[in-house]
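Peer 1: Take this structure, written in structure tokens, and hold onto it; I'll ask about it next.
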Amino acid sequence: MIELGVNIDHIATIRQARRTYEPDPVWGAVEAHLGGADGITVHLREDRRHIQDSDVRRLRETTQIKLNLEMAATDEMVGIACGLKPEMAMLVPEGRHEVTTEGGLDILAQEARLKGVISRLADAGIVTSVFIDADPEQIEAAARIGASVCEIHTGPYAHAFYDKGRDAEAPAVLAEIAKIRKAGQTIRHLGMRFNAGHALNYYNVQPLARLAGIRELHIGHAIVSRAVFVGLREAVREMKVLMREAAERGE
């Protein structure tokens, strides 16, 4: 069954806006789990703009929730990950001036270095993931460096969906779905797990949730936004319902 990983970075963003101690993203993780989240995603950025080291440490010390740590492929972050031992570590590109992650990791440009990073994480018993565009050359490179999971960047699909008036049958939207579908087929053929995420919401999630072989979707901003009005447990529950309905129908 398809799984949902809830990104709680935006809970920390609200807290950091006032440089205070609430809302607590760790409690947010508990609420998301009670709502049906299969795992929690946090991005410990180099500039610590939202999630802090103490948040990730407390998540490991006080909860039993499956943790996916998004991280840049730096020595500092690899050291932190190897100490914390999250269930999964996902390598992402990171720019100090970006509002959110703007594209997939360019593995081809740094293949040798990333292979070493993946090896260190795997030796620590951590499942390794890479966040990449739906590009067959990047997928093949992910396999060469030893990644266990490829998470496909769904931003281009989400933007096309919005630009075309939320019409899932618009040619531009169908073209993006086809790219992700093909990427998923390649990922699975190469023996890796097929995940996806970025800019997914309650309107656009179902066409992707029904793709063959997709294992997990990571969603954050839309769920936290919905939680403002209905609470976090209910926001997560609603997303899980949509995902499961789509997955059961399939393609």
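Just so it is clear, glycine is given a Cβ too, placed from its N, Cα and C backbone atoms.
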Peer 1: Let me know which member of ASN7, ASN68 Swiss-Prot also records as binding 3-amino-2-oxopropyl phosphate at the site of ARG18, ALA199, GLY220, HIS221.
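Peer 2: Swiss-Prot lists ARG18, ALA199, GLY220, HIS221 binding 3-amino-2-oxopropyl phosphate, and from ASN7, ASN68 it also lists ASN7.
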Peer 1: What does DSSP assign ALA199 (3-amino-2-oxopropyl phosphate binding site), in three states?
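Peer 2: Reduced to three states, the DSSP call for ALA199 (3-amino-2-oxopropyl phosphate binding site) is coil.
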Peer 1: Which one is closest to HIS43 (active site, proton acceptor) in space, judged by CA to CA distance, out of the recorded positions ASN7, ASP9, HIS50, GLU70, ALA199?
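Peer 2: Minimum Cα distance from HIS43 (active site, proton acceptor) across ASN7, ASP9, HIS50, GLU70, ALA199 lands on GLU70.
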Peer 1: Go through ARG18, ARG45, the listed binding-site residues, and name the one with the sparsest Cβ surroundings, counting other Cβ atoms within 10 Å.
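Peer 2: Each of the binding-site residues ARG18, ARG45 was scored by Cβ atoms within 10 Å; lowest is ARG18.
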